[in-house]
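Data first, discussion second: the structure below is written as structure tokens.
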């Protein structure tokens with residue numbers, strides 16, 4: 001796991017976009033793992049700007065990390081619609097190549113299996129973007145999730161529903177269930193970039209980067225990933241014991257190495 005401490009959301013977005021641009025130039029049909037929430041927004045902004053100056057997404061594909069269960073088609077908070085609004089409608093990726101779990105399916109387990117099969121048929125995810133919750137969750141893999149888990153239905157804990165209520169008219173409108181890629185699914189991605197900003201994420205960052213690998217902190221499984229990059233601002237890095245080491249390592253790595 002590489003930890004990179006940067007000065008704010010803009011340099012974080014630029015560095016993550018650098019990795020995605022390099023991937024697309026090397027592999028134009030790359031498979032991107034797309035997250036929602038505030039963490040990836042600077043990346044999407046930067047990629048949209050680069051597309052405007054020529055970065056090509058026409059052969060790429062994308063897979064959303066998760067989706068609410070039970071929201072009607074067209075609901076603005078369906079994650080498939082959020083991803084379109086915030087990113088894919090701003091680039092030239094083919095709409096048919098952007099996939100998300102079917103939260104409106106009548107047979108949810110079958111929809112989960114179909115999503116796993118679609119990821120596998122695409123050749124797997126080349127680069128997965130992630131955020132992290134204050135309790136260490138990634139995707140909607142809440143504390144206690146199995147490290148071997150695959151795409152499945154999950155119940156949202158009340159704190160997560162409260163955190164997401166700002167996107168809905170009221171807490172009562174926030175769904176109780178989601179479909180999420182599992183921790184095992186996420187770990188299959190060839191490169192994972194996790195973004196965390198703000199002091200409210202500092203304890204979670206310390207727990208999953210420097211704490212024990214434990215189900216109480218789902219993101220800690222990334223310690224076992226062969227190519228995980230953690231991009232944090234100074235506030236999110238404020239609880240890290242080894243912050244100076246991470247700064248020294250990044251400042252002195254060869255320029256050709258990338259992230």
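Cβ coordinates are placed from backbone N, Cα and C, and glycine is handled just like the others.
Residue density at residue 66 (active site, proton acceptor): 21 other Cβ atoms are found within 10 A of its Cβ, drawing on all protein chains shown. In the three-state DSSP reading, residue 66 (active site, proton acceptor) counts as strand. If you look up Swiss-Prot, you'll see 66 (among others) marked as active site, proton acceptor.
The active site, for ring-opening step annotation in Swiss-Prot covers 135 (among others) and rests on sequence analysis. A simple way to gauge crowding: the CB of residue 135 (active site, for ring-opening step) has 18 other CB atoms within 10 angstroms, across all the protein chains here.
Per Swiss-Prot, active site, proton acceptor is recorded for 137 (among others). In the shown protein chains, 25 other C-beta atoms lie within 10 A of the C-beta of residue 137 (active site, proton acceptor).
Annotated active site, for ring-opening step per Swiss-Prot: 142 (among others), in sequence order, evidence recorded as sequence analysis. Annotation for residue 142 (active site, for ring-opening step): same-chain Cβ neighbours under 8 Å, separated by at least 6 residues, are 135, 154, 156, 157, 160, 218.
With respect to their backbone Cα atoms, residue 66 (active site, proton acceptor) and residue 137 (active site, proton acceptor) stand 13 Å from each other.
Taken residue by residue with DSSP, residue 135 (active site, for ring-opening step) is part of neither helix nor strand, so it is coil.
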